[in-house]
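Chemist: Structure below; questions to follow.
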Amino acid sequence: MPTCRRKRVVLTEPSEALLQAAKSNPNKEVYYLQQTGEIFETYEAYAARMSFYRLKQFQCEVTGKSGLDYFQALESEQQEAQTMHSRFPEPLKAAVLKAVQWQVVGRLDHLVEAVFDRFKDRYFVDEKVFVDAQGDKFYAKVVQVHPPKTKSDDVDVPAENQASSSSVTSPPQAIVDDDAVQIHKVGGDLKIPAKEALVRDDPLKYSYKVQILEEQHEKSHEKGKAASKDKAKWSGSFMDVQCSVMSRDRLAFSKSILRRFIRDCVDRDAAVASPWTVKPVIAKHYGVDSVMPEETRKGVEDIKRGEIDKRKKIWEDKEGPPTKKQKKMTAAQEERVKALAVAAEKREREAREKAERQQKAKEEAERLAAEKKKKKPIRYPTEDLDVRLNDKEKKAGLKVKKPTPSKLGVPFGENQGTFEAFLTSWNFLVIYGQPLHLSTFTMDEFEHALRHSLVDPPCALLGEIHSTLIYNLRTVPFTRHSAVLSLLRLQDTLEEEHRVLSVSIDELAGAMADVGNNWERIPLRHNEMRDGWEEALLGCLKDHATLDNFPRLREVLTRLLFAPEPHAEVSSSSSSSRVSSPAANNLTVQSSPSERYYALPPADRIDILTLMCNLAVSSKAVHSHMESCEEQLTALRKEKIEIGRQKKQYTEEMNSLAGETEVKEPGTNGTVPDEDTTMHESSDLSDVPSEDGSETASTSSARQKRSARQKDLRQKAHTQAHAKQRELARAQAASAKQALAEHRRLDEEVNKLERRLEAIEREFRKLLGAVRIKPLGKDRFHNRIWWFDGMGSASLLGSGGVVQYGTGRIFIQGPSEMDLELMLKKEDDDYETRRLEEEGPEGMLAPSEWAQYAEPEELDEFLAWLNPKGVRELALKNSFIKWWSHIAPGMRKRISDLNISAKLPEARRSTRTKPSGHDVSREPYMMWTNRRAVNSV
């Protein structure tokens, strides 16, 4: 059994409640761990156990290898056990297991020593051994074991203990059963002391008849090779030998392999003085008695009782034995003293436990009081729910309540499930527009197209979307007439005259028979306005849809193939182009999909697109596009790293240039004036008359000449110094100008790299959206914040840097079930009350519930409500800051587009119901064109 931190891993047993539930409900679903056979009632327990088994902290108990997970350690043990069992002599296994059964030995090593000493010179029938005979070693098989002979049958045994060749080469006769029972019976019994067993059952008195199998040749010995032909005559012959010339292969029988064999086959309880017991399966296989004999049981109990008394005595001695020698008491007095001592000990123990409990309670109260007085400072950012606004922050103007997002503002907000399917379909069509050959369109255009209910003029956007998906699904494997087969299987479970919308399954199957049969070959050309895409859509549904992947299959097919009575159709013909009229309950007139598609409710159209998008995910074109995006993402990551290095290098060069410019300031003007001053001082001193006043005229004339010469030299030196200063100043000015130009060049390079990094971020977002979509982040209550613009084939900037948008809003999704369950488990925080206070009853979102922020002002208030002291809201705020230059302009652009296209102040909602004279063809969703369409298809 693998070990973890030197303890054996115990398998988890099913709980009593689970066992009772299994009896009452045999079909109850549980989680089964196949490798260990464990059963769990919940997935959390199963996942936790599997995570524990996957940790690299287990050790193989046989080999000692560590750093393995549980399954690797178990596999290692099984391999080693298989190798060990194949090597260990099979005839010896039963004898060893019978010897160790019910033995009370503290350490396994001591048990191994005892077993090895008993069996190292005892051999059994069919064992393969080495025999030393006449100086050669032979590999032989034991065919008979002769126990010691009685005194009447004793014969003289040669003094020299050596093997003698048998004169009979035929196989020996079987030994007597009585002798077989007596073979090593006393010597192999560990309950008998070793010396006594040696006297009663001496292994040296046994004789063995062995058959030579082959000689063990020494390949490196030339003499042995030469004599091998002479000794080949021994092969197959029989010998009578004794244990002194016999030995086992060390790879088959040694203390180490014996220890591994015993440890693999036996076990014992953790109680004091528990006996070693052979595992039940192994005991049954080798015929070892699994029921403890009464005599053995009493002996084990005596040993256990003695061990307990011994430990009790040691414990009493530690507490302190009596110092005075007491008089011997009678039995009754001893019993009374013992009873009094037990009662006194019990009272003392109860008093001591009570005092300890009181002391612990007092210490706990003091600790809690100290923690309340002095709390450790919180290090931010921390868990968002642990952050609360204090009075100072509230007075500073920080918002307590989150701005309420609009639930009904989302498309099809009256049905959250419909909106989620609508969002999934739009996101798929926009992200994979390139492999689908479909231009991008906004969410508003997609919503209005799905609400379009006029046959004339037709909606080009709907035709392009369905046609591109139909072309894509032609490459996906399908089953012919899968929808009809699924409906026929459903009919077997329903009543005979069961009808949906007044149409039976037989009538529906008959209407489907001749529609859309060759849908995969219908040429839906772009320049022909995708004529016939409705019939091709029905054929696609016939071959791809089933009740399993499309639960509303029967209702949708009925609405596509049957129409109500003519008077009911006329009464609903005045419906708006945006709002589909309610279909009649009775559809009795057979019609065509091209006439009936625009009468489908938007929810049914969304279900059809959801099915087609789910199937298109497995197409080759989408998979190839995803792989291409992965490769481009890898290239962008490398480019981003390289740009970061270049930017760092340019920044360091700019810093070095700025430092040199500061150092190179004019500072050499003081050198020449010092020299000039010195010369002036020397000339002044030379003009001072001498003290004795005895200068002659010649001396005065020479002095004047020298003074004039010095003045000329001084002026010349001064002129040269000024020239050097001007030259140096010009050089410094040129160097500074050059450094400034270089600084400007590097600054421009850094700006180019930053603009490239921004482009990489936008491109990275586009490519990553094709692989996986992640929210911007979560707020404190685990509401997920989504922004779907700029992913896949959509761009955040158009030609000339024009702002583009896909949704033009921020969506809020409620917390998941798991997040909600984790938050509700916080006992120290009233979660529901806090949500009600900070979100309001209208702003609280249930799991899978959606809302939106469509105005930039609402989003500004939401950002002001976020608290950067929490880890989730800090990351969310950083994401908003990173993309704010695209989020806010996209929201304003959407509002501007809605206001331009609206005829009434209610920009979005009021445009769904138009007066009868309104020109639907001038609506933005009707003016959309597919610039990526391929004319040949």
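The backbone N, Cα and C atoms fix where each Cβ goes, and this holds for glycine too.
Not measured: the values here are computed from a predicted model.
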Chemist: Pick from 385-407, 569-591, 822-844: which range does TrEMBL record as region 'Disordered'?
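Modeler: When 385-407, 569-591, 822-844 are checked in TrEMBL, region 'Disordered' belongs to 569-591.
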Chemist: Look up region 'Disordered' in TrEMBL and report which of 148-172, 898-922 it refers to.
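Modeler: Residues 148-172 are the ones TrEMBL records as region 'Disordered'.
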Chemist: Six or more residues out from either end of the compositional bias 'Basic and acidic residues' (346-371), which same-chain residues have a Cβ under 8 Å from its Cβ atoms?
Modeler: none
Chemist: Going by DSSP, how much of the compositional bias 'Basic and acidic residues' (346-371) is helix, how much is strand and how much is coil, in residues?
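Modeler: Computed counts for the compositional bias 'Basic and acidic residues' (346-371) are 26 helix, 0 strand, 0 coil.
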Chemist: Restricting to the domain 'DDT' (416-479), report the mean pLDDT as a whole number.
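Modeler: That region's mean pLDDT is 94.
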